[in-house]
Amino acid sequence: MADQLTEEQIAEFKEAFSLFDKDGDGTITTKELGTVMRSLGQNPTEAELQDMINEVDADGNGTIDFPEFLTMMARKMKDTDSEEEIREAFRVFDKDGNGYISAAELRHVMTNLGEKLTDEEVDEMIREADIDGDGQVNYEEFVQIMTAK
């Protein structure tokens, strides 16, 4: 399944994996998974975290290594983001709930994810998504970015 991923996707997932793998030991524990999910505004229970890990933990050792993570991501991409998941993600970014993602809101979420971006990088991300040129990202623009293949 993971063999259907492009090199670019694998590189992106490697970066994401590193964000989860706080201690850099090459595996993701339930604790690390919980930390990242909470930084994204989710509040999973210990049992839910364990379920998520068990779903992809092929060798049954209780943690996720990179190949297992790739399998999980490939599976998720196959179920391509449902409308509801995209809406949920938009709400995480749109802190003040005004229907737009501003540069400040984007910076805030990326910082919570451990991504220290320069103002230029944040502005560049907004510009890439901002189809109507109003300096922020509305829901339609967000959907375009999230569903772009």
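Glycine too: its Cβ is placed from the backbone N, Cα and C atoms.
If you look up Swiss-Prot, you'll see Asp21, Asp23, Asp25, Thr27, Glu32 marked as Ca(2+) 1 binding site, on the strength of sequence analysis. Among the features that Swiss-Prot reports, Ca(2+) 3 binding site is placed at Asp94, Asp96, Asn98, Tyr100, Glu105. Taken from Swiss-Prot, the feature Ca(2+) 4 binding site covers Asp130, Asp132, Asp134, Gln136, Glu141. The annotation domain 'EF-hand 1' is assigned in Swiss-Prot to 8-43 on the grounds of sequence analysis. The domain 'EF-hand 3' feature in Swiss-Prot is assigned to 81-116; the stated evidence is sequence analysis. Marked as domain 'EF-hand 4' by Swiss-Prot on the basis of sequence analysis: 117-149. Feature annotation from Swiss-Prot assigns N-acetylalanine to Ala2. The annotation N6,N6,N6-trimethyllysine is assigned in Swiss-Prot to Lys116.
Everything Swiss-Prot records as a feature, shown here on the structure.
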residue	record	CB count, 10 Å
Asp21	Ca(2+) 1 binding site	21
Asp23	Ca(2+) 1 binding site	10
Asp25	Ca(2+) 1 binding site	11
Asp94	Ca(2+) 3 binding site	21
Asn98	Ca(2+) 3 binding site	11
Glu105	Ca(2+) 3 binding site	20
Asp132	Ca(2+) 4 binding site	10
Asp134	Ca(2+) 4 binding site	10
Gln136	Ca(2+) 4 binding site	19
Glu141	Ca(2+) 4 binding site	20
Coarse DSSP state, helix versus strand versus coil, of Asp94 (Ca(2+) 3 binding site): coil
Three-state secondary structure, Glu141 (Ca(2+) 4 binding site) (per DSSP): helix
Secondary structure content of the domain 'EF-hand 4' (117-149), with strand meaning DSSP E or B: 20 helix, 2 strand, 11 coil
Mean per-residue pLDDT computed across the domain 'EF-hand 3' (81-116): 85
Within-chain partners of the domain 'EF-hand 1' (8-43) [C-beta distance under 8 Å, separation at least 6 from its ends]: 2, 49-50, 52-53, 62-66, 69-70, 73, 77, 92, 109, 112-115
Neighbourhood of Glu32 (Ca(2+) 1 binding site), C-beta criterion under 8 angstroms, separation at least six: Phe20, Asp21, Lys22, Asp23
Residues of the domain 'EF-hand 3' (81-116) by DSSP state, where helix covers H, G and I: 21 helix, 2 strand, 13 coil
Length of the line joining the Cα atoms of Thr27 (Ca(2+) 1 binding site) and Asp132 (Ca(2+) 4 binding site), in Å: 41
